[in-house]
Amino acid sequence: MLKREMNIADYDAELWQAMEQEKVRQEEHIELIASENYTSPRVMQAQGSQLTNKYAEGYPGKRYYGGCEYVDVVEQLAIDRAKELFGADYANVQPHSGSQANFAVYTALLQPGDTVLGMNLAQGGHLTHGSPVNFSGKLYNIVPYGIDESGKIDYEEMAKLAQTHKPKMIIGGFSAYSGVVDWAKMREIADSIGAYLFVDMAHVAGLIAADVYPNPVPHAHVVTTTTHKTLAGPRGGLILAKGGDEELYKKLNSAVFPSAQGGPLMHVIAGKAVALKEAMEPEFKVYQQQVAKNAKAMVEVFLNRGYKVVSGGTENHLFLLDLVDKNLTGKEADAALGRANITVNKNSVPNDPKSPFVTSGIRIGSPAITRRGFKEAEAKELAGWMCDVLDNINDEAVIERIKGKVLDICARFPVYA
């Protein structure tokens, strides 16, 4: 018999210590990795529930196992909320991750060797949009598109590449692009050659849910997202579509199960359902509006302090600092800021002379600090501290001074009060 009072602390001290140390790290460090966020205790309650015990291969009402009457309710809630939130008429909530959602789209729409037009990873794209080290680059013929000299997506180049290479699918979306994407323009280009438009909105899904960023669902044939990042839910994936193409929906469902996955993670799907409900609340819209304001506030400080921001600003939750003129690498900046309890990630910048393991830039995102309650004043103060560290990257006294300020502001703005 399993006793409810069983716990990790009494049984596995080594594991518990690591878990507790991570909890402390999250509370005492400022998180600026654009893809990270803090999920709610309600989501964590769902993920720690007895739903983790249930196998449920198939879809609601069409399971391969018995005893699914209640997990059917859970999954249908998640499906219905996803459709309502994003204005879709199809949703699949089973993908274990954004990458697996993307894999399902590829396998549903394409054959190995088909040509795909995707954003260059070095200019803001994602691994699954055609990187040679990823399944997408290994299985498909990838033609990359990029950005122009102003740092914006070059739609003219995209249209020319589409006419020249006749891809079967064009991918919109990014992992390190600070602008607004013209989804309608991308659909126009796709339609001109009879291609699918597939949008990966993982980074901006929360902003889209709150009407802070344009929604691709009315324009794309298929849309995927993660459920964490700006959406602030559990780690997982989601596929959406609109337009009533039932054959397409069947292909997408089959590509997730049984093609790419077996049993869905019902405890995670419950977490998705909770997060999607939270995203419908008025305070979520206020949160996302503040995410955008905080990113802009930080950019203003970096520009005033003489730092180069790729594209000159941001229109979403993230931006890239180009450190080439500062004679700093992204790796050095990442490490120095880390010593001050400020977490970022090194990131390639356009025309980066350094390798992806070193880079010449860092990516900065505002979702997590905004979740803590930071507003423009705190965001600007933080950006100033970061400039102090980067201006004095080898001065440990400066770094220690900033670390003290970080600890103070973290105590004033706890993650979980």
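Every residue gets a Cβ built from N, Cα and C, even glycine.
Annotated features, as they stand in Swiss-Prot:
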- L121, G125, H126, L127, S355, P356, F357: (6S)-5,6,7,8-tetrahydrofolate binding site (BINDING)
- H228: site 'Plays an important role in substrate specificity' (SITE)
- K229: N6-(pyridoxal phosphate)lysine (MOD_RES)
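Sequence features, as recorded in Swiss-Prot, placed on the structure.
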residue	record	contacts (Cβ under 8 Å, 6+ apart)
L121	(6S)-5,6,7,8-tetrahydrofolate binding site	L127, H129, G130, S131, P144, S175, S348
G125	(6S)-5,6,7,8-tetrahydrofolate binding site	G118, M119, S131, P144, I171, G173, F174, S175
H126	(6S)-5,6,7,8-tetrahydrofolate binding site	M119, G173, F174, S175, D200, A202
H228	site 'Plays an important role in substrate specificity'	S35, E36, N37, T39, P234, R235, G236
K229	N6-(pyridoxal phosphate)lysine	A34, S35, E36, N37, A202, H203, A205, G206, P367
S355	(6S)-5,6,7,8-tetrahydrofolate binding site	none
P356	(6S)-5,6,7,8-tetrahydrofolate binding site	A122, S348
F357	(6S)-5,6,7,8-tetrahydrofolate binding site	K331
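For L127 ((6S)-5,6,7,8-tetrahydrofolate binding site), the Cβ neighbour count at a 10 Å cut-off comes to 16, with all displayed protein chains included. Classification of P356 ((6S)-5,6,7,8-tetrahydrofolate binding site) by DSSP places it in coil, neither helical nor stranded.
Counted over all residue pairs in L121, G125, H126, L127, S355, P356, F357, the record's binders of (6S)-5,6,7,8-tetrahydrofolate, the longest Cα to Cα distance measures 16 angstrom.
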